[in-house]
Amino acid sequence: MLKEGMNIMILLLVFLAITQFSNADEPFDVRKHLATVTRYADSKDISANSFVSSEIPDQCTPIHLNLVARHGTRAPTKKKIRELEALDAHLEVLVRDAKEHKQSLEKIPAWLAGWRSPWKGKVTGGELIAEGEDELYHLGIRVRERFPDLFNEEYHPDVYSIKTTQVPRASASAVAFAMGLFNERGKLGPGRHRAFAVTSESRASDIILRFHDCCQSYKAFRKSQEPNVDKLKEPLLNEITHELVRQYGLNFTNQDVSSLWFLCKQEASLLNITNQACSLFSPSEVSLLEWADDLELFILKGYGDTLNYQMGVPLLEDVVQSMEQAIKAKEEGYAPGIYEKARMRFAHAETLLPFSCLIGLFLEESEFELIQREESLELPPKPPKNRNWRGSIVAPFAGNSMLILYSCHLDNSSKYFVQVLHNERPIALPGCNGSSFCLFEVFKEKIVAPHLKHDYTMLCDVIEQKQKDSALSKLSQILTWFWSPRNVGSLG
């Protein structure tokens, strides 16, 4: 018996050693470190049948679905296309200067010497590309397969509501999703498609999906904060720029390095090219650049300031209202086909990020208690420390949060629960004791109610000077944090 136990122990130790070795030996994949430019599949490695099992009691049936989704993979915007054209011209100058000064060109990567922006000459940008269409189309198919009881009725716009912003990449994403959702449910063409309605509000008044664009105080706050974020990132860019100049012998500026990092993200995400701009940076430099992007995201769109997410309260109210209407329909026995079973919304990172914050995703329990008291959170820790807040997971291309309302017959009574899925996977709700399956009344009381004391109009009509004063105070906090001993370190 003792010998048998020893053999089992030895086998266990060998297994653990092999597992640790394989994890350590796993190659670094830059495509999983592109912040919000990360492709959906790279973010979560989702395949057609890779659903995560969750502990939903057998006595529970889904009765309503809320979806808040970001648009799929898109082309660079016009502003970013101009930035890449400027990089194109400046790299040409740098290489020419190196030749004129008779510097050795052996250190310069061959691709860089002759690089031309793939988007050079384009006068439009920001559109949903084929890969983005594919992401949303297959998301629609998977949602229907996962919740067949919710999508078993004949289509009607009042039963399956599809809303989007008036930005073309968002509305195109909605169309691609619905084509997958209602695939083979119609009579149009060989694919048996069917027509469906996609509605949107005016850009100037859409406070549910484009609240960030309608909120004047947020615009003022963000404008005042952007220079502070640049100052925060400057030491990091200085170090990486110095290293690239040493390594490649070209007189790169911080702006060059920032643009090369942006080019890396575009090449890796849109073109699946990782051996050009991305190859300039070591894995540790990529991790730091990703962290810098995540800091910017945190400060300007996430938990960095309460205004960032409190202005999303109209969206939260809309979600809760739709669930309350579904409960009323269930309680009063409405006939199928006359009440809404799914409300699906397609928007932007600036919509999904605040919504994730409103329901407390990617927080520890203690941090959730802080935001409930409207207190500041610490910024995400610097690599190699782990952090929950990563743009590649919170809001990749086609990133989404789904809130599924369940009717459960438990203990001889009817109860309603909410399950939260983020990028199709159950995610812990700190406001619900770390469960992803939360009693609806608890969800409303613990997570939703504390935010409802804020009125959108009052939040967004705050005097600009107050925002400036707040920004100066925030800058002081950020710089104190950044230069604290725990965050000062070398690139290594």
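Yeah, the Cβs are placed from backbone N, Cα and C, and that goes for glycine too.
Annotations in TrEMBL come from automatic prediction, not curation.
Around the Cβ of CYS60 (disulfide bond), the number of neighbouring Cβ atoms within 10 Å comes to 18. For CYS60-CYS408 (among others), the entry in TrEMBL reads disulfide bond.
Counted within 10 Å of its Cβ, the other Cβ atoms near CYS278 (disulfide bond) come to 20, all protein chains included. TrEMBL lists CYS264-CYS278 (among others) with the feature disulfide bond.
Residues or ranges marked as disulfide bond by TrEMBL: CYS432-CYS438 (among others). Cβ contacts within 10 Å of CYS432 (disulfide bond), excluding its own Cβ and spanning all protein chains shown: 21.
If you look up TrEMBL, you'll see 1-24 marked as signal peptide.
Taking a C-beta cut-off of under 8 Å and a sequence gap of six or more, CYS438 (disulfide bond) has these contacts in its own chain: PHE417, VAL418, GLN419, VAL420, LEU429, GLY431, CYS432, ILE447. Fewest other C-beta atoms within 10 angstroms, among the disulfide-bonded residues CYS264, CYS408, are seen around CYS408.
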